[in-house]
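S.K.: Taken from TrEMBL, the feature domain 'GGDEF' covers 273-410. Look at TrEMBL and you will find 55-72, 84-105, 112-132, 138-157, 164-185, 191-209 tagged as transmembrane segment.
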Amino acid sequence: MTVVSRTPLELSDKDQILNRQIETSLNHCRTKLVFPDPLERLYHDHIHKNNRRQVISAAIGAILLYCSFYFVDMIYRPELMTQLLVIRLSVIAFSLAALSGVLILKDNVRLPGLLSLAGIFATSLAGGLMLSLPENPIVTYEPYTFILVAVAGNIVLPLRFRLALIATVANLAIATYFILQIPVLTPDQKASPLIFLLASSVLTLFASFRLEASERKAFLFYLHEKLYADALLGQYQILNRISLTDSLTGIANRRRFDSFLSESWAAAAVDKHQVAMLMIDVDHFKRFNDAYGHPAGDACLRQVATLIRRSTRQEVDLAARLGGEEFAVIVSQGGIRAAQAIARRIERKFAIAAIPHRDGVNGRITLSIGIASGSPENSESTAEDLIANADTALYQAKRKGRNRTCIEEETLSDRREAELQKNTMAREEARNS
């Protein structure tokens, strides 16, 4: 069975190699229980946690079951209790030591299987030693206990098929050796448990093979889907980043500005603090474009965006381009003082950068900045009011000669006057255009 290729999603070179290995392995997973590297390593890492948990559960259950046979010994062969107790305690001590190793060395992917194999070997050997004890009253029936060992190794414990095969051969060899050494058993009594053990071993080995083949096939499908899911997630993250980023300047766009403002306003309502905003406009930018050309204008906007972004506290503030030569900074913490500090840093950086503008103020690029703040605690204040107030403060800065920072007017009359001035300046700029 092959996997249909999916061309719409681009995989990395490494993932493409892995995907080809997956497709090849899917065609052979019913006959080969091994993958090429690094697929085999990924498979063992994937199943390790579940296998480790199964080994721990099976070991605890097996130890309890093994201890329960002590009562069988008390009923059917009390005269052998001392020898039987020594053998059983030895197996239990070994099992507890192996279980401790699995619990302590939790990152070793091969240890659970190897210790499980050793546990099967120890249990089978203990069964042979108990079978060989002289004067054993249940010697005729005890050889059949080797069948339980085969079932435990091939079905109950999560042994890989190769380890299960080794455990089965070891169990058969130990059983054959000890059963054939018992003089009181007739040939038929020796042959019967060995035949049943052989049949049980073959059947349980076949089941172990099919279980591992199914598990490996399920892993291949899982990994195949995961490769494309990760690729899809990566493309989604790229597209999401693009949708929230201004393509020219690389800072946040209007969409990200709106969402960040909503988030900051909601957080301020919970924490009861103010949100501040800087509305920024590049002075006489149209003249810059006319004098230097649009490519130079684009380069200028990119430099402006970089200087503004570097002036902010990027972990709590957001610099965004709203359109044209208009920028904004949302100050989510610190209120009006933090906004003023950012404005001062912006002014210093632009003074140092001294971007040439022959038709600008002082022959360089300058900015007009309007600052406003608002608090969700004021039921009459909204995030939209914050934008309007910062915009009004920006036009106050322009009205007063540009290349300056103004804080929002507090009185209603001043705000109305600023709004009128804003509309007048907008009409003048439209006529000049």
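Glycine is no exception: its Cβ is also placed from the backbone N, Cα and C atoms.
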S.K.: Hey, which bits of the same chain come close to the transmembrane segment (112-132), Cβ under 8 Å, at least six residues off its ends?
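M.R.: Tertiary neighbours of the transmembrane segment (112-132) are 48, 51-52, 55, 58-59, 62, 66, 83-84, 87-88, 90-91, 94-95, 98-99, 101-102, 139, 142-143, 145-146, 149, 152-153, 157-160, 163, 166-167, 170-171, 174-175, 177-179, 181-182.
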S.K.: For the transmembrane segment (164-185), give me same-chain residues lying six or more residues beyond its boundaries with a C-beta closer than 8 angstroms to one of its C-beta atoms, as numbers and ranges.
M.R.: 116-117, 120-121, 124-125, 127-129, 131-132, 139-140, 143, 146, 149-150, 153-154, 193-194, 197-198, 201, 204-205, 208
S.K.: Given a Cβ distance threshold of under 8 angstroms, which distant residues of the chain, six or more beyond its ends, lie next to the transmembrane segment (138-157)?
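M.R.: Beyond its ends, the transmembrane segment (138-157) has Cβ neighbours at 54-55, 58, 62, 76-77, 116-117, 119-120, 123-124, 127, 130-131, 164, 167-168, 171, 174-175, 179, 182, 184-185, 189-190, 193-194, 196-197, 200-201, 204-205, 207-208.
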